[in-house]
Amino acid sequence: MVKVGVIGLQGDVSEHIEAAQRALENLGVSGEVIWLKKPEQLEGISAIIIPGGESTTISRLMQKNGLLEPVRKLGEEGLPIMGTCAGLIMLSKEVIGATPEQRFLELLDVKVNRNAYGRQVDSFEAPVKLAFSDEPFPGVFIRAPRIVELLSDKVKPIAWLGDRVVGVEQDNLIGLEFHPELTEDTRVHEYFLRKAL
């Protein structure tokens, strides 16, 4: 049975839990999706989602709750991890605009710029092209970080807004600027969860 953990310290956790549950149903896979708050819950985990929210807060709480190092180790060992918006920041190797106390997982070979699109008023929705589907995906961008550079050949673009890369994949990792959980469309979650099957 697949066990998916959504890091539930801050951010849009319940939406990700619902999206992952729907995606598992669509894939015909039995599994559970849990609200992941402490290291003990990582036992038997099949995949992890790091949701959007505020990256400074998520970073601080992951350190405080003892999740940062165990999650990094699991990512290095090949466990599927998807980060959306602030979760992308948490996965990234380099972060422009990070505060000195922020710690990141540094698993994904990308450089991102925090809050590159500006404040809440600059949030928008636009069709995103996916590498694994012909139909456009409804991309919801909320104070999104921006992928400014791919730092190695291991990183493959999987989502584009116009000609700009807004989603990447590196082996077991997926990082997205946008919020797939804020739509009824589960294609991105299904694509990610196939890594755990």
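Cβ coordinates are placed from backbone N, Cα and C, and glycine is handled just like the others.
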Site co-member for L-glutamine according to Swiss-Prot, given GLY53, GLU54, SER55, ILE142, ARG143, out of ARG72, ARG114, ARG164:
ARG114
Within 10 Å of ILE142 (L-glutamine binding site) (Cα to Cα), which of the active-site residues CYS85, HIS179, GLU181 do you find?
CYS85, HIS179
Consider the active-site residues CYS85, HIS179, GLU181 and say which one has the Cα lying nearest the Cα of ARG114 (L-glutamine binding site).
CYS85
Rounded to a whole angstrom, what is the C-alpha distance between HIS179 (active site, charge relay system) and CYS85 (active site, nucleophile)?
7
So which one is it: of the recorded positions CYS85, ILE142, which has the fewest other Cβ atoms within 10 Å?
ILE142
